[in-house]
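Taken straight from TrEMBL:
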| type | residues | note |
| --- | --- | --- |
| TRANSMEM | 7-26 | transmembrane segment |
| DOMAIN | 35-74 | domain 'Leucine-rich repeat-containing N-terminal plant-type' |
| DOMAIN | 98-256 | domain 'Disease resistance R13L4/SHOC-2-like LRR' |
| TRANSMEM | 385-410 | transmembrane segment |
Amino acid sequence: MIQSHCYCFSGIIITIYCSLLIHALASPTLHFCRHDQRKALLEFRDEFPTNDQFDSFPWNKSSDCCHWKGVTCDDRYGQVISLDLSHTPLNSALKTDSSLFRLHFLRHLNLRTSFLQGNIPSSLGNLSHLTILDLSSNNLIGEIPTSISYLNNLRELKLLDNHLVGEVPVSMGNLNGLRVMNLGVNNLNGNFPISFANLTKLKYFDIEFNKFTSRLPSNMSRFHNLEFFAVSENSFRGPFPKSLFSIPSLQFLDLGKNQFTGPIELRNTSLSSIGLIYLDLSYNSFDGPIPESISEFINLTYLYLDHNDFTGPIPRSLSKIVYLENLYLSNNKLTGPVPGGTQFQSQNCSSFMNNPGLFNLQKVCGDKHIPEPPTSPQHEEEEKWFNWVAAAIAYVPGVFCGFVIGYIFTSDKRGWFGRRKLRVTRTAR
């Protein structure tokens, strides 16, 4: 009997011990910064001209580096997993053998607006755990190193607003986990990489303000998670890539200031399921009529079709887009009346200018801004004669004033209506 009690007590002790052991293993342990991590960070700091640049990041070798500003460590092992030095004036280049690249477990690296100079070192490809890389708004030059394609875990790549040149490495199409790619505001050139078709998880894609050429891929529907697509201010050419409108998640589309041509073909495309909010096709060479089916973008708020060669009437169906706030149709070859409706009458007058065939603009521009056909000499003489008669039949004291006012009105009206406003200024973009 006593022996059975001993067995029972021993079993309880073992159970409690195992439970405590499992709990200890499962619970994160707060480790101090590893010595090698602290050393790498301090050496990285010393690579820049003066330590004064780190005044806002007081790193003291006698303190735990996991508590340093801009540094985040893994709770379990004390590895540095995030480094954020954004808006810290480093004023130098990243060295190829920089101590930064000894932080092998780094997941997030943010050096945005750090006044970095020089090339992007190929050694960056050694940080194989990186998921977020932000080097935007610096003074980086040279080409994008192919070693970036080694970062298989990368989810966000931001290199915008630098001075990068050359073609985008084809191998970057291997980064099939990318959600965000922003290469805008550089001097990149060449064709749209075909390998980008592999980046099917992309949600945000921005390469605007570069020197890309060629056509966009015909089957853009492969980017079925895309929400933001901006390629403006390049030299893309060819027909309208209508396959973009088969992406239900697309909200922002900017193809402005390129060399796209031809009509906008939207037939056999279901548009009502697309949550498009922003559409910019301006400053291209699109022609033909504005498709009535654009009105199926029921969430559209910004629509820029100006500076193209669109012809025909403004579709009345656009008045069905209840959220439409900014509409620009200027500098086309549109004809006919401006339709009624709040969506049209609430626009700036400049939104419709330089479409010689448009009329019925009174409610948008007001009478004084509406161009009239130039008057013939005969009509001018008749108008002068009418003013003279009006002055002659007035009361005697008002004859002289009537003559002067009539003459000024006649001559000034011809000058006012003979002028056209040639510049269009967008106030809403």
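Glycine residues also receive a Cβ, built from the backbone N, Cα and C atoms like all the rest.
Computed from a predicted structure; not experimentally measured.
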Contact set, same chain, for the domain 'Leucine-rich repeat-containing N-terminal plant-type' (35-74): CB under 8 Å, 6 or more residues outside the stretch: 80-85, 88-92, 95, 98-100, 102-103, 105, 108
Whole-number mean of pLDDT values that fall within the domain 'Leucine-rich repeat-containing N-terminal plant-type' (35-74): 83
Structural state census, the domain 'Leucine-rich repeat-containing N-terminal plant-type' (35-74) (DSSP three-state): 18 helix, 3 strand, 19 coil
